[in-house]
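Quick look at what TrEMBL lists:
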- 1-364: domain 'Major facilitator superfamily (MFS) profile' (DOMAIN)
- 33-51: transmembrane segment (TRANSMEM)
- 58-80: transmembrane segment (TRANSMEM)
- 86-107: transmembrane segment (TRANSMEM)
- 119-138: transmembrane segment (TRANSMEM)
- 144-161: transmembrane segment (TRANSMEM)
- 190-212: transmembrane segment (TRANSMEM)
- 224-241: transmembrane segment (TRANSMEM)
- 248-267: transmembrane segment (TRANSMEM)
- 273-297: transmembrane segment (TRANSMEM)
- 309-333: transmembrane segment (TRANSMEM)
- 339-362: transmembrane segment (TRANSMEM)
């Protein structure tokens, strides 16, 4: 249940609310990321008070309520409020999906599972994008019905999943008495990379449907299908991530940044539907690589007992990037009406981000060449 999956409906929402600024319209897709970041932080205490099962059930209930409110919201402000509630629901249980893996697994097995986790997220997004492409034909409000799947998940989860007590699995390389402080320098570097790459990923997710329409090479339905194609790229990259990491090690981050740069170049300097489809696939593949790569590498910046904190920190960086992306997009377009400018200027910024990624990867290899297989 990704927050940006309804982005193909944004052009239709903009027509309904013609006097509303485009950056505010974009918040329909991105504002859940702000409340998600907040509730990712609060979820640590919520889990301690309610336990894992009730925490997940509370989050799913909020998702259901937000779906109902989105269907009937009479104005843009109530619609954004309903979407903010969606982010709160997702944020309550969001960190558990990652921290349970970093708690329980290590080395190559951990990296492989992080890739699979991202791949299954892509599978869900692909199915959702296909459904959105059909629902948008009815009405833009109908696209919010995609989140009604939370009802089925809530019933299944309540009946079949027990309350799981979180325990920290001891690291094979350390004893129970060994505890190391957080390496904030390394964690901050990976947080910066995640923030940067996620910002450009979210800009593409939100702007591609409108880009197709304004350039006369597609419709809102086509945009939804391209968002689905991004998810296909995420699935394939996620499933192949373990093999890529075994060959490239920290170089996988350089590959992810290069793929994002290549996609932005295609959107910024070409205007053909086939190349737009290739660009969408590259963006999804980049996402499928940089998410498990950054979470896996950052997990080495702290003791295993602090894995949940590391995951929470990175999720905050990710969700803040999602929230701020419309404002970055407004800066990149620099007053022009043609969305191509966003991708042209984004290409320049991504060149800089690629150079930073190369530097971080080089420093990582130079400082710990013997630990590459565990990063």
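Each residue, glycine too, has its Cβ placed from N, Cα and C.
Of the two recorded stretches, the transmembrane segment (248-267) lies close to the transmembrane segment (339-362), with three or more CB pairs under 8 Å once pairs fewer than 6 apart in sequence are set aside. Sequence-distant neighbours of the transmembrane segment (190-212) (same chain, 6+ residues past either end, Cβ-Cβ under 8 Å): 4, 7-8, 10-11, 26, 29-30, 33, 218-220, 222-224, 226-227, 230, 253, 256-257, 260, 263-264, 267, 273, 276, 280, 283, 286-287, 290-291, 294, 297-298, 301, 313-314, 317-318, 320-322, 324-326, 328-329, 332, 339-340, 342-343, 346, 349-350, 353, 356-357, 360. Within its own chain, the transmembrane segment (309-333) has Cβ neighbours under 8 Å at 3-4, 22-23, 26-27, 30-34, 36-37, 40-41, 43-44, 87, 91, 94-95, 98-99, 102, 182, 187, 190-192, 194-196, 198-199, 202-203, 206-207, 294-295, 298-299, 301-302, 339, 341-342, 345-346, 349, counting only residues six or more beyond its boundaries.
Below 8 angstroms of C-beta separation, residues 98, 102, 110-111, 114-115, 117-119, 122, 186, 190, 193-194, 197, 201, 204-205, 208, 211-212, 217-218, 222, 226-227, 229-238, 241, 244-245, 250, 252-253, 255-257, 259-260, 262-264, 266-267, 311, 314, 364, 375 of the same chain, each at least six residues beyond the ends of the transmembrane segment (273-297), sit close to that stretch. For the transmembrane segment (224-241), the neighbouring stretch richest in Cβ pairs under 8 Å, chosen from 58-80, 119-138, 144-161, 339-362, is 119-138. Counting Cβ pairs under 8 Å that are 6 or more residues apart, the transmembrane segment (119-138) and the transmembrane segment (58-80) reach fewer than 3 and are not in contact.
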